[in-house]
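Asker: Summarising the annotation, Swiss-Prot assigns Zn(2+) 1 binding site to 150, 153, 203, 206 and lists sequence analysis as the type of evidence. The annotation Zn(2+) 2 binding site is assigned in Swiss-Prot to 167, 170, 189, 192. The annotation domain 'J' is assigned in Swiss-Prot to 5-70 on the grounds of sequence analysis. What Swiss-Prot records for 150-157, 167-174, 189-196, 203-210 is repeat 'CXXCXGXG motif'. Look at Swiss-Prot and you will find 137-215 tagged as zinc finger.
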């Protein structure tokens, strides 16, 4: 009986792109998967056809050979020659372990069989700091749930007194070679899943995984000068690798809390300093806060609200080295409230001495404003 065309099996045209082929494969594989059709021999046979068509049409070299020679390209020698060497799979059949891995790996993101022991996963920890801690540096203890190397089998997964055995199928390489017509295809060993070893007697504590769940405590040193968004890497403090492989890393993500007085921009600090209008007019000294304590700020006479005063070296020292930032104090002139009769009278006399609200001599910005307003209305009435 002639074999059905691979494109017809998947229901795609011969011009189909790989994306279309994969989409059709996933849909059909789910429909005819043996787990969904237990005991149905026709579904099992259909599933094998779908698998074979998918493997050929998603491999550029195999697809080119098939397009040119048809099924004849893969009929010379069948799947003999390189084989699994005792795996028990016939000349034209496909390894069901590999099929299941492909179907559910492609659909759910797992990919094909595992290749040897893999590196442990990286972990992330979000750490909140006060501004003072971020500026000065701090050492903090944190607790993180993770996977650690089993302390009984030391990551091997094997029972104490035993060792993992070399896989008899792949002879420890983790790979097997299959001949398909003109091609030799290498894939993960279906017996050991690419590790090259088998655990006959698993560890009683980790049950052969080589890792156990645990919450560990770490002391993390935060360098001075860090800011929100900075990330600190602790090499080897992530999850333990599989069966003795390299551990992952831990990344501490820094978030600095909002401060009641200071705002930070880069290595500079900003704060608002309220003063009364008498000091703004006459000048004087006022205490202002810094991260190192109080210092005196000299305010010159005739200071306007919004004026910035820079105190050099009172900011943050860069975590990457270099000069220290500055503290910039923004003056806010406050209008007096809760005045008694005497104070009100004094202010009235002061206002009269200014020559009214426009204050030509003493309030140049006010005069300029009202002159502009007068000109605006004069222009409207012309």
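Numbers here mean position along the shown chain, with the first residue as 1.
Positions of Cβ are set from backbone N, Cα and C atoms, glycine also.
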Asker: With CB pairs under 8 Å as the measure, which of the listed stretches 150-157, 189-196, 203-210 comes out on top against the repeat 'CXXCXGXG motif' (167-174)?
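Answerer: Most Cβ pairs under 8 Å with the repeat 'CXXCXGXG motif' (167-174) come from 189-196.
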Asker: Output, ordered by sequence, the same-chain residues six or more apart from residue 192 (Zn(2+) 2 binding site) with a CB under 8 Å from its CB, or 'none'.
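Answerer: Once residues fewer than 6 apart are set aside, residue 192 (Zn(2+) 2 binding site) is near 167, 169, 170, 174, 198.
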Asker: Which of the listed binding-site residues (150, 167) has the least company, meaning the fewest other Cβ atoms within 10 Å of its Cβ?
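Answerer: The binding-site residues 150, 167 were compared, and 167 has the fewest Cβ atoms within 10 Å.
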Asker: Please list, for the repeat 'CXXCXGXG motif' (203-210), how many residues fall into helix, strand and coil according to DSSP.
Answerer: 0 helix, 0 strand, 8 coil
Asker: Can you name the far-off residues of the same chain, 6+ from the ends of the repeat 'CXXCXGXG motif' (203-210), with a Cβ under 8 Å from a Cβ of it?
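Answerer: Residues 117, 149-153, 155-160, 240, 242-244.
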Asker: Can you see whether DSSP assigns residue 150 (Zn(2+) 1 binding site) to helix, strand or coil?
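Answerer: SS state of residue 150 (Zn(2+) 1 binding site) = coil.
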Asker: Other residues near the Zn(2+) 1 site, CB within 8 A of the CB centroid of 150, 153, 203, 206?
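Answerer: Surrounding the site, in chain order, are 151, 152, 154, 155, 156, 157, 158, 202, 204, 205, 207, 208, 209, 210, 211, 212.
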Asker: I'm trying to understand the geometry here, so how far is the Cα atom of residue 153 (Zn(2+) 1 binding site) from the Cα atom of residue 189 (Zn(2+) 2 binding site), in Å to the nearest whole number?
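Answerer: Between the Cα atoms of residue 153 (Zn(2+) 1 binding site) and residue 189 (Zn(2+) 2 binding site), the distance comes to 24 Å.
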Asker: Rounded to a whole angstrom, what is the C-alpha distance between residue 189 (Zn(2+) 2 binding site) and residue 150 (Zn(2+) 1 binding site)?
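Answerer: Here the two Cα atoms are 26 Å apart.
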Asker: So if I draw a 10 Å sphere around the Cβ of residue 153 (Zn(2+) 1 binding site), how many other Cβ atoms end up inside it?
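Answerer: Other Cβ atoms found within 10 Å: 27.
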